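What follows is one structure encoded as structure tokens, with my remarks underneath.
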Amino acid sequence: MLLAIDCGNTNTVFSIWDGETFLCTLRTSTHHARTADAYFTWFSTLINHYGIKTDITEVIISSTVPRVVWNLRVFADRFFDCRPMVVGKPECLLPHLPRVDAGTQVGPDRLVNTAGAFDRHGGDLIVVDFGTATTFDVVAHDGAYIGGVIAPGVNLSLEALHLAAAALPHVDISQPQKVIGTNTVECMQSGVFWGYVGLVREICARIRAEHDRPMQVIATGGLAPLFEQAANLFDVFEEDLTMHGLTVIHRYNKDNS
Ligand SMILES: Nc1ncnc2c1ncn2[C@@H]1O[C@H](COP(=O)(O)OP(=O)(O)O)[C@@H](O)[C@H]1O
Ligand SMILES: CC(C)(COP(=O)(O)O)[C@@H](O)C(=O)NCCC(=O)O
Ligand SMILES: [K+]
């Protein structure tokens with residue numbers, strides 16, 4: 001069995017893949033100081049709690065936070081007796097090489113999303129991932145990542161208002177009923193929510209105009225469903241896209257090693 005680990009700047013997600021389905025998905029906050037032993041204590045507690053029978057022999061990691069990789073490597077080595085594949089490292093092959101400026105480091109999560117989306121939908125895609133940042137990954141007709149857009153994340157934008165302005169409270173995102181807010185919280189939610197709808201629409205339209213081939217928009221990330229309900233922004237929402245991409249890259253490496 002494969003343990004796929006997707007470490008974002010806010011959360012780290014672990015999924016167990018038995019070759020056909022994900023047996024479970026577990027989420028913890030990202031902390032670079034968390035030790036391999038701490039990961040295992042947390043992981044084994046939840047696995048036992050859910051009564052999941054696991055036989056993990058392989059691990060693949062994608063991390064947007066370079067500092068956590070060392071402890072995750074120790075975790076894989078100590079508890080599953082394996083050397084993990086780490087996306088972005090030279091020894092981890094990609095089905096399609098990114099076409100970007102020389103020397104550019106593409107976020108591994110974006111390479112993984114590209115692989116996952118191409119496997120399911122073929123090429124000419126915009127993958128929108130609502131994480132700490134909101135990323136738009138452009139997938140060419142042949143499956144290569146060819147660039148994209150990085151925008152501040154939804155919660156980051158709300159938090160920035162709170163941190164920078166003394167009178168603005170911490171607010172959770174939700175879809176306001178109206179655009180014109182009649183209290184501070186509604187005004188903030190309106191600015192971020194409807195501002196975001198506009199951001200996604202405009203960026204996708206401009207990518208489409210530059211790309212000059214028809215494109216599908218695939219959305220992923222915890223907050224995507226909120227926007228899916230509000231406006232016709234995406235063709236598909238796939239919660240497990242990043243995890244699927246990790247299984248695709250893992251299989252590609254097995255087949256080509
Ligand atoms: N289902 C959800 N509902 C509401 N907020 C969520 C949900 N999933 C994630 N978030 C929030 O969205 C932001 C991005 O989370 P996540 O997608 O885990 O980011 P990353 O991949 O960058 O770690 C965080 O602020 C997180 O708390
Ligand atoms: C843009 C990101 C911060 C998004 O990370 P996330 O929101 O998933 O935590 C990450 O993909 C990253 O660090 N990228 C490196 C720069 C690039 O992709 O061009
Ligand atoms: K992500």
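Placed from the backbone N, Cα and C atoms, the Cβ positions cover glycine too.
Record check: TrEMBL places ASP6, CYS7, GLY8, ASN9, THR10, ASN11, THR12, VAL13 at the ATP site, and the matching candidate among THR114, THR132, THR134 is THR132.
Sequence-distant neighbours of ASP109 (substrate binding site): residues of the same chain at least 6 apart with a C-beta under 8 Å from its C-beta are ASP6, GLY8, SER62, THR64, ASP129, GLY131, THR135, THR242. In this structure, the binding-site residues that sit close to ligand 3, with a C-beta under 6 angstroms from any of its atoms, are GLY8, ASP109, ASP129, chosen from GLY8, THR12, ASP109, ARG110, ASP129, THR132. For THR12 (ATP binding site), the Cβ neighbour count at a 10 Å cut-off comes to 22, with all displayed protein chains included. Among the binding-site residues ASP6, THR12, ARG110, ASP129, no residue has its Cβ under 6 Å from any atom of ligand 1. The ATP-binding residues named in the record, ASP6, CYS7, GLY8, ASN9, THR10, ASN11, THR12, VAL13, THR132, extend over a maximum Cα to Cα distance of 14 Å.
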